[in-house]
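Below you'll find the structure, written out as structure tokens, and then a few comments.
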């Protein structure tokens, strides 16, 4: 580049110094400074910082060009000040040699005859100055090819100077511009006529150039011409030809050249011989390679054997490659780290992972350690093959070799384990966690893809707290998660119903300065809606609008659906209007959600009207608000839409209409899916139409849908309800025949059914069997079993089961305590019942129904109803404790344990301001106190009762009057009687 700039500067004048009339010493300082800048701009120093000792002609030099213009702007300014040099150009280096080269080039280029008297006279002054660099520079400055040849010939004639290989190469490069271009005959003739020796060397150089360029045909033609002129190819030419053919995998051609070379009594150099031996081994001819060594009288060294081993690995001759290690040792030529690494990489490239283990152990025993890059490749290979255990061991081997595992290898291992959803198991996840802990200790982070995969695996294994902490730990190590990473982790937590952790992570995300997008907000809104936490979902909905994040149709649909399921139809309609006003049009999912939501809100007729309008009916005015933006070209009902309405019919026991809708689906070309069939079968079972349910099951099978656990569960549950255990057993046998193992729901239904018909021992055996088969009972199973033993009076067994629940990690819920306390009361174990109530309070159960609805999830409606809890659960703001207290107080009154009953009633008053539902309890307790001659206590309770808003029954007044008479308090009795008469018949 410097020479090009020099040429531009000097082409303006015949004399190179015409533009530099200022102080020469100052100019020299400027150019010295610019020389440093030029070196800095053109390349970066080599790794050892020994600038100037790197080979500028090395083909492997791939150093980056670093732009330091800004950093050294002050030096550019100084150049402008002193020399008026353009700061955007690299300042050339002017030397005496450059001046001479320009002078010679101008002289030669300006004349037709270089060998004329005038030219010879001018050039004579430069004879003693001729050198390799000067000649090359002149050749590059001369424009005309003929003049280039003339100067080349003239320079070769001068005493004290002889052309070198770089000069020949420069000449060939100037004459042959294209790789496939031949040298013009006139140029060859000119060189030949002048100096045959130079001509012969020139032809050799020409052959080598075409070999390096891969132009084999031209190289062979030039070789033929060289021979035609009775010149011998040089050793370098033969070596270059052989190397070129070997590089092109033309082993036969290389062999022919070698045979000719041998006939000329020439030997290959060491590099060419190694390449030849490698190529022979690569095609399995390793014996020929050894013969070649003997023929060439070459003494093999470590580099040579390493090359042979590399070729044998390419040929998949691994046993032979291993044998060459022994050959090396036999010749006192020890394998080094390059040898072992070559063998190791060769086995690795051919997927010979078993041999890799053997080679790795051998080389480490001999103190030869693979590089971190090779370790990374090994870990990747073993992870790909599924041997994650050995991949983890390689991390330990890295440490033994002095290499600390870093970012790449940890991400390879953890990413491979967590990236394969199908093969993941507990052992592999434990291994990933172990590697993750070590990675944290080393201060290394996962990339965002592997953070998402790792947290997904942790969530799937139920390790939600660990998944939640991963983000925080990664941030602590310098990892900066983006919105996408947070969204994926939030989605995993929400899908696992870990709403509290999702809430905390979402808030942490916002505190970190990240702005949630519509996708993230929609995940949170949809998940919290499905969990019944509508108020929080609405807060986020409002928040996203405030921060300028426009909700999409999915966001609106999730919230509308939640409002409808919560029977807040007005809120849903208002939100639907907002959606339309914001220009967000409902889609088929929205309308399907409307139908499902209205069904769950008990408005099946409204759902039918929406469905009719979707089908094209215009005479349905009551649902106009939902169809302001709906036209005939909009999407028709799909299988989800049909399924939502069909499920609504079944849940409201309108199974005939559900059956007709199923037929209508098929007529409209909408094929029912598994979910639709299962919903209809469950609906038919619920109303006792078991024969029709079996018919639908048969139809389902004919359409290619095998019975599922849900199908079998519906049938088994109903058969037990109608006390047809024989048919339930047949369904169970059919399940097992179809390799459909019962789950905890089916086992629980069977256990509950057996308990209901008094077969408690059989139910208990079934529960033991399900544990043996690896299906662990849940809280519903234990509660059903406790209820069964309670019905036959085995309270001790019930308590043992409660204790067993704790040891198994199954927490009892409200229904469990309610069932057990009820049976304790019925069997007279009032103290035990009271202790259970205290235990229930101490475990921090919620005080209102809204907080414990999720607690009873999993129990079917019939079971809850059989315990008398259905009405309690349906009333908002009713404390779940109150029913348990009432149950226990009533039984204490019957047992005449009035003091404890009074104390519990006082406790009840702390939970609720109004005790209207306790009217009968108050009246019973007043009557019992009067019968026990505790009239004063009865009057105090009467006073508290009226203050709480509980209206006394006439029986309470009668009990109080009788009690007063028995205690000879006649006047008080008459006053109370007078009060009653005025209350009943006011004046």
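Glycine too: its Cβ is placed from the backbone N, Cα and C atoms.
Taken from Swiss-Prot, the feature transit peptide applies to 1-42, supported by sequence analysis.
Summarising the annotation, Swiss-Prot assigns repeat 'PPR 1' to 164-198.
Here Swiss-Prot flags 199-233 as repeat 'PPR 2'.
The repeat 'PPR 6' annotation in Swiss-Prot covers 336-370. Remote same-chain partners of the repeat 'PPR 6' (336-370), defined as residues 6 or more beyond its termini with a Cβ less than 8 Å from a stretch Cβ, comprise 302-303, 305-306, 309-310, 312-314, 316, 318, 321-322, 325, 328, 377-378, 381-382, 385, 387, 390, 397, 400-403.
Residue counts for the repeat 'PPR 7' (371-405) by DSSP state, with H, G and I taken as helix and E and B as strand, are 27 helix, 0 strand, 8 coil. The repeat 'PPR 7' feature in Swiss-Prot is assigned to 371-405.
Restricting the average to the repeat 'PPR 8' (406-446) gives a pLDDT of 88. The repeat 'PPR 8' annotation in Swiss-Prot covers 406-446.
Among residues of the same chain six or more beyond the repeat 'PPR 11' (517-551), those with a C-beta under 8 A of the stretch's C-beta atoms are 483, 486-487, 490-491, 494-495, 497, 499, 502-503, 506, 509, 558-559, 561-563, 566, 568, 579, 582, 584, 853-854. Taken from Swiss-Prot, the feature repeat 'PPR 11' applies to 517-551.
Look at Swiss-Prot and you will find 587-621 tagged as repeat 'PPR 13'. Sequence-distant contacts of the repeat 'PPR 13' (587-621), counting only residues of its own chain at least 6 positions beyond either end whose CB sits under 8 Å from a CB of the stretch, comprise 553-554, 556-558, 560-561, 563-567, 569, 572, 576, 627, 630, 632, 634-638, 640-641, 644-645, 647-649, 651-652, 654.
What Swiss-Prot lists as repeat 'PPR 16' is 708-742. Beyond the repeat 'PPR 16' (708-742), the same-chain residues lying 6 or more positions past its ends with a Cβ under 8 Å from any Cβ of the stretch are 674, 677-678, 681-682, 685-686, 688, 690, 693-694, 697, 700, 749-750, 752-754, 756-757, 759, 770, 773, 775, 860, 862.
Long-range contacts of the repeat 'PPR 17' (743-777) within the same chain, counting only residues at least 6 positions beyond its ends with a Cβ under 8 Å from a Cβ of the stretch, are 709, 712-713, 716-717, 719-721, 723, 725, 728, 732, 735, 784-785, 787-789, 791-792, 794, 808, 810, 863. According to Swiss-Prot, the repeat 'PPR 17' annotation covers 743-777.
Proximity of distant same-chain residues to the repeat 'PPR 18' (778-812), defined by a Cβ-Cβ separation under 8 Å and at least 6 residues beyond the stretch ends, is recorded for 744, 747-748, 751-752, 754-756, 758, 760, 763-764, 767, 770, 819-820, 822-824, 826-827, 829, 832, 858-859, 863, 867. Positions annotated as repeat 'PPR 18' by Swiss-Prot: 778-812.
Counting residue by residue with DSSP, the repeat 'PPR 19' (813-847) contains 26 helix, 0 strand, 9 coil. The repeat 'PPR 19' annotation in Swiss-Prot covers 813-847.
Residues annotated as repeat 'PPR 22' in Swiss-Prot: 953-987.
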(message) How about long-range neighbours of the repeat 'PPR 7' (371-405): same chain, 6 or more residues beyond its ends, C-beta under 8 Å?
(response) 341, 344-345, 348, 351, 353, 356-357, 360, 364, 412-413, 416-417, 423, 428, 431, 434-435, 438-439, 442, 444
